[in-house]
Amino acid sequence: MGAGEERPEALGFNPQKEIVYNLLLPYAHRLDRESNELLAQIKGSLGRAVRLRELWPGVLFWTRKLTTYIRLYGRKFSKEDHVLFVKLLYELVTIPKLEISMMQGFARLLISLLKKKELLSREDLQLPWRPLYEMLERILYSKTEHLGLNWFPNSVEGVLKTLVKACRPYFPDDATAEMLQEWLPLMCPFDVTMQKAISYLELFLPTSLPPDLHCKGFRLWFDEFLTLWVSVQNLPQWEGHLVNLFARLANDNIGYIDWDPYVPKIFTRILRSLNLPVGSNQVLVPRQLANAYDIGHAVIWITALMGGPSKTVQKHLTGLFNSITSFYHPSNNGRWLTKLMKLLQRLPCCIIRRLHRERYKKPSWLTPVPESHRLTDQDVTDFVESIMQPVLLAMFSKTGSLEAAQALQNLALMRPELVIPPVLEKTYPALETLTEPHQLTATLSCVIGVARSLVSGGRWFPEGPTHMLPLLMRALPGVDPNDFSKCMITFQFIATFSTLVPLVDCSSLLQERNDLSEVERELCSATAEFEDFVLQFMDRCFALIESSALEQTREETETEKMTHLESLVELGLSSTFSTILTQCSKEIFKVALEKVFNFAVSNIFETRVSGRMVADLCRAAVKCCPVESLKLFLPHCCNVISHLTINDDVMNDEELDKELLWKLQLLSEITRVDGEKLLPYKEQLVQILHRTLHFTCKQGYTLSCNLLHHLLRSSTLIYPTEYCSVPGGFDKPLSDYFPIKDWGKPGDLWNLNIKWHVPSAEEMDFAYYLLDTFLRPELQKLDLYSSGELEMSRDEVQQCLAIVHNCLTGSGNLLPPLHGERVTHLVTSMVSLNETKLFTGIDHDHSRENYRELISKTLRKLLHYILDHSEDDTKSLFLIIKIISDLLQFQGSHKHEFDSRWKSFTLVKKSMENRLHGKKRHIRALLIDRVMLQHELRTLTVEGCEYKKVHQDMLRDLLRLSTSSYGQVRNKAQQAFFTALGTYNFCCRDLIPLVLEFLRPERQDVTQQQFKGALYCLLGNHGGVCLANLHDWECIVQTWPAMISSGLSKAMSLEKPSIVRLFDDLAEKIHRQYETIGLDFSVPEKCIEIAILLQHAASTSSQLPHPEELALAIKRQGEKNVEAVQNYERLVNTLLDCVTQRNLPWKFEHIGIGFLSLLLRDDYVLPVRAIRYLVQCLNHDALIVRKMAISTVAGILKQLKRTHVKETICPYKISGCPKPESKLVGDRPDNQWLLYDSSNLPNTKEAWESCCFVEKTHWGYSSWPQNMLVYAPADQQPKVGRSREEMSEAEQIIYDHFTDEKFVDQLIKFLSLEDRKGKDKFNPRRFCLFKGLFRNYDDAFLPIIKPHLERLVADSHESTQRCAAEIVAGLIRGSKHWTFEKVENLWNFLCELLRTALSNITVETYSDWGTCIATSCESRDPRKLHWLFELLLESPVSGEGGSFVDACRLYVLQGGLAQQEWRVPELLHRLLMCLEPKLTQVYKNVRERIGSVLTYIFMIDVSLPNTAPTKSPHISDFTGRILGKLKPLMDADEEIQNHVMEENGVGEQDERTQAIKLMKTILKWIMASAGRSFCTGVTEQMQLLPLLFKIAPVENDTNYDELKRDAKTCLSLMSQGLLLPVQVPLVLDVLRQTARSSSWHARYTVLTYIQTMVFYNLFIFIHNEESVQGVRWLILQLMEDEQLEVREMAATTLSGLLQCNFLTMDAAMQAHFEALCKTRLPKKRKRESGMVGDTIPSGDLVKRHAGVLGLSACILSSPYDVPTWMPQLLMDLSVHLNDPQPIEMTVKKTLSNFRRTHHDNWQEHKQQFTDDQLIVLTDLLVSPCYYA
């Protein structure tokens, strides 16, 4: 650090990490005192606020101040303070009952405190993990959110996860072991808890522990998780999380883990997860696409594995790119493309990050990468070489060249000599082409990315800089008025290169110096062209300007403003020109200045488009060298203007002379320069202002106002005056300065030598003189006018206001902010809430007139006058609104301009940064820009300002304007109003009552416009404050009821669509943004302990609280909580009063009920009156109200739920087994007691009560939790069967309604109506309602509901059946805690009911009954539901009621059993026994269902690590039995035809027919399980392969019967399966055996199978040389097959495998094919003399054809380039053009394909051929035979 040494003395502490740019500000010397005062204030006040337990406003106010402090100064505090801040915020964030919006605020601050983890080591800080886990559990897995008892914002998940990531490095050493204990018991792979466990582990597990703690860290879980990952398949959702965890682990511990054994698997998985389409006829597995790996993490993982002694990773990476390169070709497009592009962009970026960390980063406490595993130069070279080809292809991708450009930028930092030449090779031709402009934009954007590497040359690529001038000269034609995008990229290109290079002509040095290198001499002579380049560029710009003049581009009547495109071109033009002139030598500048001056003076431009552009160019010139340029321009303009205004009549002209306007415009732009240089001309300028400021012509006086505005800004602002790429510029003699050394040189942060413009006393005087001369008279005029003492026309008033506005915005930072007294009584606080004053470079001179005060006084008077006398003068009102908002906000820069400058700064920084070396090595201009932005940031830091009386007056004026009669005035005023609301502390509380005044129904005098305006003020703008929904009881208590009551206002009219829409928007916004507001604001003691430390760390001890204050604080905290509850109840009651008013329009009643539903909470029961009202709403006439009521009453029932007692058990005691020694998952002796056992069911009261029920299905599968909780026995639970007297008032209300038959009748009637035909589904809200009723009141309502249920079930209508299903599910779930007698009675009734229901099931309702049963069984002990399971298993497939009922019963049964997962093996066995005889079912729908049920039966049979063999059915036994039955098909030779019709024939059928029927069902099973199960039972299913090959057809034909179609799908799905290395030989055996089959269909299908299988398991195969050879042998053998189709497919397969580099075209293979080609054919005569019918090809012809096919496969395997061996192969092929068919056809096809694929880049490809070869080739490609 250049300034690192002296900081501790200056500050009194060693700062953690400050923002260095602050040290470069012109007033840097004053900042240390300022920041120290602010820091002391923050520490003192924040500590005090916490000790006084005042979360709001105190703590919130001061944490915001800390956030601002970090934004302004960085982490400019000592390490001790840093730790205290972190600890305090950690305690605050984890307060259990903290309001959610506060929690998010604290969390964001804590994240930014922990963001730079190198600043605090594990020694400095430890944070516990459990409070964070409890918070995530409470919020992300909230039990009450879905019932509407908690409202969390959408952002909360992201914030919490980021918070955990930030705290993770500081978890204690034992955290890993504790986390595993907590979450491993959840790891049951069939359950959703698996996803939860893995995502928690991914989020929390610390991976950056130091090496000596690895045994306490990842070593505890690494092997177990990795083997788990290796053995799963089909991407279950949690697999992605594991990958993210491994990626992070690998990245944090490079060199400490040996990943080599897993590399082939890792790459195979990554390749699979790209979901690329492969193979000749493929059906992609319907995997959930969202489950693919996150490319970002996959890339981090790959990067972390690179380097080190073994080079396997680079080898695999090269393999990966070889296999996917062709997908990058621009002609390919698909949804997979975005992933591929992201891969390209991220990889180089990650490698750069890693290189930076290993070679350049400052060492910190984080473990460094060991020397042995760092990336060597050779590693880097290999990497760059492997990725170059895809990147070059991606340059022209359909999705644009952005990713390629970013990749090239990073690659060029590593190896410019490998990267830049190929890019240039593509760029030069693109610059010449006229027909393909997209090539130009793509290549230029890529060259911009590599510009810095190109220009700086360096040891790797010294010849780089020589390309710069040729590129610049060739790019000039891109400045083309007819092609906008080309124009913009060219400007960017030229600007980028000019910024990097001083444009100085050094050619004279060639004579003087002889110590120059070859490249330097070449560059010196080239620089002679700079001048030429600049002049040519200017000519191009002038042409562009002339063609875009207003007269040329549109009619006079059209818009006067520039179009969006024009303004972009204007910006590009002026910034590029300004960059070029900044970088010019004096000599070149003079020539350019002369040229631009002549152009500007010799023409007259219109002032709207071309005039603006020319004035911009002139301004750019003047800015670079103010003295010389002003001498040229200023007197000229002044003279012309004076001359043209000699005659006083000009003042009153409506239209001014074109030349006068143009010169005025030019003058107003060239005065935007260093204010000091304007002083010599001040008299002339003032004279011009006198002459022009009061033109009658608006265009004239506007330009004159601009001049005044710019003069004021130039004199009073602080800004840098030059942006040259080298400090001090290039104006030095060449003898002492050699510019070429500075090509591409970065700025040096510690020697920037910024030249600042700081206003001098003389300039200040000039500014005040201007204000006194021009502003004061206007204000006096307006003052007289608004007193009625002076007549003025509207135009004159507008002119006055325009001058006032320009004076105000010109001198914004000169005028001190408005003063006055504070508005008190808005909030009470025991902590000071003072605003912070920042020094921004100017000491305000209070002895002079403060014009800001004066303007505000005059304007308010004027505003009231206009509103009272001429409200329709909207143009004046617009100006007044602008002035008010600038009076309030403006201190020299506007927020939106600053934001867009910050954005463009970031863009430029990104496009030219060097991430490899880091350390802010940006170009000097960019660094200066950043310092300037830092200064502007300080001027804009205004939030948290005190709310003073002056502000109050102006805000009230804005509110009056926001409710005025004119829509446009309202709109503009509202925007200003919203901005101001966000600026002043607590002002909303002052304004809400004033806004609501307009909505009061009693008022008779409110107009519709005022009503609308007030509603808009409540609604707020996008992203700003929304008054209607402040997170504060006191505000909501006022706003919500007022909105409802406004429905009775006279101004309200439901006929007006705009008003209806406003209410809709308001309601929608409140629902979207509402977050639960806190009722408990207590501060725990833990926070207070840290606050005391923090206060003592503050240097000022004056604020330490007094003991009396502390006592008062505790009292205040209690009062605040009571007050919150009172406000809450008041709000609910007021809303009820509003909603029940007579005559209230229905719309408002609905909105009101919506508001009530937001007020449900989980920590406070809704007031009784509201409960009564909402229960009555269940039978409201309006459907929308009934829907809301159903949800709300379900929530109320949850609030009224009584808690059930739990107790801890020891599972080992219950099972009587000891704890297992080693880790074992699945069916173990100690969890057998959990399983369903029909011989030991709890079907008596004693058995029921002694049975230990475990409801959650995942417990016990993986391991038992530390503390296993189950429900305590019934006698300890809340009483069941209470009488009405024993209930609370709230419970009685619900009880009374649901025991009232009429009420229930009506409710059921409503519930069984249909809502949207055919769209309705089982409704979980209604289910929750019934579940709540039966849970809270056990069977009290059963007698009333029973008859309804019986009626509903008997009716087969869709809506009635659905209603029954919802109630039944609610009953079964609600009966969880009933006593045995009640449950038994319930089931006696339900069994009958369900039997009826299942026999009445229909197409529309079967999925609802499925949902009903699945919902009833989820997370329930199966032994509790034994009645249900026995019922469902009575006769799953009986044939009664037809095939449809069977299919439905199976569906319902599957729903129930699937929820039970591993706990019902007995039932699964019983079901399988039932189904096996039925597998030959004839009906398709039953077969499909059986297939699906089988998948679930075998789901539990998984081969995961440490898993015991399951008690549930095993796939292998089942497949064995099936294969026996399929034997008749296996043995048969001929192709299998499906001749079984869909009805059952009479009598016994032969074995073969039975086997075909069986096969059909088995196919359905394989299809269903392909996408679902974790592990395909590969070894077993492999044995079915030969049969599938036999059945599957070759062509795609929709007429094929089901059997063939399914067989084809199964093959496709199986070929995509993930193979374990042991399985590869098995599969190859099956394929070999099939390749000998007599059916050519089977042989053909083997090939398509190989294509997909190899690609989807690429690295597993490549890893094993034997299997590669096996595949190769198979293909070569099939290439000589007697069937033509098989040969051709073998060739296609070969070509594909060559293309993805699985096989290589080695000499042996080439020789093999060439030999086959030379096979002699029988003489033609002999052939003809044979029989006419003799079409079987002779063996010789087959062999020769095989050879030709082999050669053609090689040619087609390189579709996008010409390798060295290709020309010769093409020649070999051409010999066979006249061979007999099918050889001739093959040759033709190959040649036409070659021509098609190589046509695009033929110029480049031509180079590979000799002249002779080219002649032959040209003949071939256009020979007559080509068209024959």
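A Cβ is built for glycine as well, from the same backbone N, Cα and C atoms used for every other residue.
Annotation source Swiss-Prot lists region 'Bromodomain-like (BRDL)' at 1635-1723. Feature annotation from Swiss-Prot assigns repeat 'HEAT 1' to 462-506. What Swiss-Prot lists as repeat 'HEAT 2' is 985-1024. Annotated repeat 'HEAT 3' per Swiss-Prot: 1164-1202, in sequence order. The repeat 'HEAT 4' feature in Swiss-Prot is assigned to 1339-1377. What Swiss-Prot lists as repeat 'HEAT 5' is 1621-1659. The repeat 'HEAT 6' feature in Swiss-Prot is assigned to 1665-1703.
Counting residue by residue with DSSP, the repeat 'HEAT 3' (1164-1202) contains 27 helix, 0 strand, 12 coil. With a cut-off of 8 Å between Cβ atoms, the residues of this chain six or more beyond the repeat 'HEAT 5' (1621-1659) that come close are 263-265, 267-268, 271-272, 276, 278-282, 316, 319-320, 323, 1533-1535, 1578-1579, 1582-1583, 1585-1586, 1589-1590, 1592-1594, 1611-1612, 1614-1615, 1666-1667, 1670-1671, 1674-1675, 1677-1678, 1681, 1683, 1685-1686, 1689-1690, 1692-1693, 1696-1697, 1700, 1702. Remote same-chain residues near the repeat 'HEAT 3' (1164-1202) are listed as 144, 147-149, 1079, 1125, 1128-1129, 1132-1133, 1136, 1139-1140, 1146, 1149-1150, 1153-1154, 1156-1157, 1278, 1288-1291, 1293-1294, 1297, 1303, 1306-1307, 1310, 1315, 1325-1326, 1328-1329, 1331-1333, 1335-1336 (criterion: CB distance under 8 Å, separation of at least six residues from the stretch ends). Per DSSP, the repeat 'HEAT 5' (1621-1659) is made up of 32 helix, 0 strand, 7 coil.
In the predicted model, residues of the region 'Bromodomain-like (BRDL)' (1635-1723) average a pLDDT of 89.
Each residue of the repeat 'HEAT 1' (462-506) gets a DSSP state, and the totals for helix, strand and coil are 32 helix, 1 strand, 12 coil. Residues of the repeat 'HEAT 6' (1665-1703) grouped by DSSP class, helix first, strand second and coil last, total 31 helix, 0 strand, 8 coil. Per DSSP, the secondary structure of the repeat 'HEAT 4' (1339-1377) breaks down as 36 helix, 0 strand, 3 coil.
DSSP labels the residues of the repeat 'HEAT 2' (985-1024) in these numbers: 23 helix, 0 strand, 17 coil.
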